[in-house]
């Protein structure tokens, strides 16, 4: 007998997916864009939504079609290359960068204003924080109950309060856009959404969503795909509504902060202005819940993935990943971002290429011909973008600085599109040769 999810479980799955996506970066970036974009806020918002909502939802759908794992999604590039890509992806959005960052961001926004940002408070906070992350992550079968039915609703309630306040009680009027947004509001919004790295997160979370449905007794592939797609679409709608409210919050906060302020400062100023003395506590609770849920999802997904390739149990890996993330988090937010941005900028393009081209697999004689070369090119030019975003940008040759869209951090895009066209021509030509030789 085919087991189907109840409506309540489907909604909980959607809540869980939304909650897994919304980390501190998702709450901080939109107000920054809104403040700096000024009168061009909705043009910038459109660009932001394409990369911060459209691409991640597309990734969830792509993963659902192959059963939830990035290793399955990457079969056209070969097993070794696929496992290597998946490993790099999981490490980057797991214990090396994204998971530790959830602790440092929640500390600096919620705790540091009270304790100062010295090493000891951060160490104590990270110890408690990752103890909770490990405890929740040890029971993946209960993830839907813990996150979908408890933590996610708390998180959503806090976000709804903030979003409604931003619309009902604007802090002031819209200021004039900065020079960058006056000249290119759409592309700046597009790049800021790209830098949230949610597509990488989606590649990791896909297997978490599928396994959460499996834990409710769903085994049929068709139903697993359907429920995962529904969860992704529900999360996409939630993200869009949240981002639009946060854009409004940022665009109306020009009277509270300088236009160069970061997202945490904008949120803190707005919440203090609107909610008074309790504002700091509300913001701290919001960021803590957002970061904690994201960290749990990342830890579960990474442990599930590495358990397939190393002779360690899932529970042992949860302890290792949680402990390692705690150690890395004590580098502090600024240093962690400085190290992570170039690496993430380099590995993001081939992941985008893989996700987009995965929907075309059935169109080609040999999907490897069409998918592998563009991924390789996107990685090469993504590395150039990564170097440009690092402290070693001076070593880049002058031609690399003059590439189309290089200023926007998207130098990989045009060469990848050209390679896709060439790969399609190659596939058609090689396919015809095979057909003619068969007669």
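The backbone N, Cα and C atoms fix where each Cβ goes, glycine too.
Note that the coordinates shown come from a computational prediction; the quantities given were computed from them, not determined experimentally.
Both residue 72 and residue 430 belong to one identically named topological domain in Swiss-Prot, hence to the same side of the membrane. Looking at 46-66, 80-100, 190-210, 227-247, 278-298, the range that has the most CB pairs within less than 8 A of the transmembrane segment (10-30) turns out to be 227-247. Taken together, the residues in the topological domain 'Periplasmic' (391-404) have a mean pLDDT of 82 on the 0 to 100 scale.
Highlighted: of the candidate stretches 119-139, 150-170, 190-210, 227-247, 317-337, 190-210 has the greatest count of Cβ pairs under 8 Å to the transmembrane segment (405-425). Tallying C-beta pairs under 8 angstroms between the transmembrane segment (339-359) and each of 46-66, 119-139, 150-170, 278-298 places 46-66 first.
Listed as Cβ neighbours of the transmembrane segment (190-210) (distance under 8 Å, sequence separation of 6 or more from its ends, same chain) are residues 13, 16-17, 20-21, 23, 25-26, 29, 32-33, 44, 47-53, 55-57, 59-60, 63-64, 67-70, 73, 89-90, 92-94, 98, 140, 143, 224, 228, 231-232, 294, 297-298, 300-302, 304-305, 341, 344-345, 347-348, 351-352, 355, 408-410.
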